[in-house]
Amino acid sequence: MSRILIVEDDAIIRSALKRLLERHDHRVSEAGSVDEALALEPQGFDLVISDLRLPGEPGTELIALAAPVPVLIMTSYASMRSAVEALKLGAVDFVAKPFDHDELLETVARILHREAFKQGVPPDVAQPGGKHQPMIGNCPAMQVVYTRIRKAAPADVTVLIQGESGTGKELVARALHQQSRRAHAPLVCVNCAAIPETLIESELFGHEKGAFTGASASRTGLVEAADGGTLFLDEIGELPLDAQARLLRVLQEGEIRKIGSVETRHVDVRLIAATHRDLQSLSKTGEFRLDLYYRLDVMQIDLPALREREDDILEIADVLLEKACRRHARNGLRLSQASRRTIRDYPWPGNVRELENALERGAILAEGHLIHPDDLGLARTPRPQDRSPAPAPVLAGAGDQEASDGEDLSLEDYFQHFVLEHQDQMSETELAQKLGISRKCLWERRQRLGIPRKKSPRRSTS
Ligand SMILES: Nc1ncnc2c1ncn2[C@@H]1O[C@H](COP(=O)(O)OP(=O)(O)OP(=O)(O)O)[C@@H](O)[C@H]1O
């Protein structure tokens with residue numbers, strides 16, 4: 001069922017058209033002018049059918065205001081000139097009034113069909129350097145993702161993105177922001193797992209001077225920094241309960257209160273959250289507030305793991321390899337047939353990020369013009385029957401470099417031993433520094449090896 005918005009000031013024509021479309025299973029809303037149409041948020045529809053001449057602004061104004069939703073223009077002034085003008089301005093098509101019912105229905109069906117195809121097109125995403133690149137991959141699961149992005153982006157609702165680490169959750173958040181009406185405002189990305197638990201509330205919500213030991217000046221939080229724009233909270237499952245309560249207030253009341261302050265301030269922020277954890281299960285154990293979960297779960301986007309995107313793996317590998325070759329001035333480098341098989345059969349527990357790293361290694365290490373499996377440095381190559389779900393191989397060294405089987409084991413042992421022995425005396429930052437890895441990497445390895453971070457009993461600033 002498609003959602004269609006009719007914009008027509010003549011009530012008789014409007015209700016006749018409404019009845020006609022409803023008889024053909026469309027859900028129809030009506031407006032009598034451009035202003036009334038805007039109040040109904042035209043971007044949430046699949047098609048806008050608008051009269052050209054309306055009281056106030058002409059129907060062609062909606063072409064830009066409803067974008068990317070197509071606008072079909074009706075005109076009783078069926079001169080070629082007004083129709084051509086409307087098409088030039090970007091109308092998807094036009095119909096002359098009085099219209100023939102079958103012709104109109106056919107035009108509507110054709111437009112909706114064409115749009116349905118467009119929906120599966122990967123969105124362009126601005127990378128941190130400012131360059132725009134399309135998301136790679138066209139497998140059926142990703143087409144569903146692209147369609148969801150296209151529909152959810154302009155709707156200004158909270159979105160919960162779920163998927164394993166490295167599947168592209170941040171990329172989806174960027175696409176949602178860029179296709180929303182907030183695109184001109186900031187997108188603030190926060191990885192809740194990478195900020196010490198004791199600091200996360202003040203990072204997000206800000207604090208007043210003297211609110212806690214070490215708070216020597218008042219500070220604005222990241223939620224406020226995203227005012228007017230979008231806040232992307234990655235790994236929201238790691239947010240401590242106190243911070244969850246504050247976040248709930250932001251979502252419910254649109255209000256923020258700094259730590260140590262009695263005053264509240266209004267903020268207008270769209271929240272996009274991501275997690276690789278099952279928030280509903282976490283809420284059963286009391287680790288995640290169920291009311292917050294329901295607030296977040298307005299629209300869900302599920303990202304498939306790379307191993308489930310068999311048709312995409314080699315396509316992604318080719319595009320990422322080209323980029324890696326450009327970065328390292330190794331143009332013309334290609335994957336050997338054996339490398340292509342290895343890439344296809346490997347379970348990719350670290351998903352696209354792990355593939356990106358492996359290809360980068362390949363581009364650096366390859367000696368001739370072909371990248372061989374050894375150059376990729378994958379920990380082990382499973383036989384096809386070993387594939388998903390496979391145990392995650394442990395990656396060695398900073399930046400997730402991988403090593404051979406023997407080294408994996410000793411590194412894993414070393415990591416576990418070191419963390420267990422020192423975590424009572426060291427902060428997460430110190431632990432990560434001593435291990436030569438990032439805080440985020442430390443957190444990910446803790447998850448993989450089942451050594452969750454201990455909850456600290458009181459606030460401190462270390
Ligand atoms: N479909 C895709 N097309 C192109 N690049 C991708 C795609 N999916 C992921 N990537 C790349 O993989 C890397 C990881 O993506 P991203 O940071 O969005 O993943 P994530 O799910 O947010 O990971 P984490 O949960 O660990 O933060 C990035 O460099 C991103 O550009």
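Residue 1 is the first one shown; counting continues down the chain.
Heads up, the Cβ atoms here are built off N, Cα and C, so glycines get one too.
Since the structure is predicted, the reported quantities are computational estimates derived from the model, not experimental observations.
Per-residue pLDDT, averaged along the domain 'Response regulatory' (3-112), amounts to 89 for this model. Marked as domain 'Response regulatory' by TrEMBL: 3-112.
Marked as 4-aspartylphosphate by TrEMBL: Asp51. Sequence-distant neighbours of Asp51 (4-aspartylphosphate) (same chain, 6+ residues apart, CB-CB distance under 8 A): Val7, Glu8, Asp9, Asp10, Ile13, Gly59, Ile73, Met74, Thr75, Ser76, Lys97.
The domain 'Sigma-54 factor interaction' annotation in TrEMBL covers 135-364.
The region 'Disordered' feature in TrEMBL is assigned to 375-405.
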Take the domain 'Response regulatory' (3-112) and count its residues per DSSP category (helix H/G/I, strand E/B, coil), listing them in that order.
49 helix, 24 strand, 37 coil
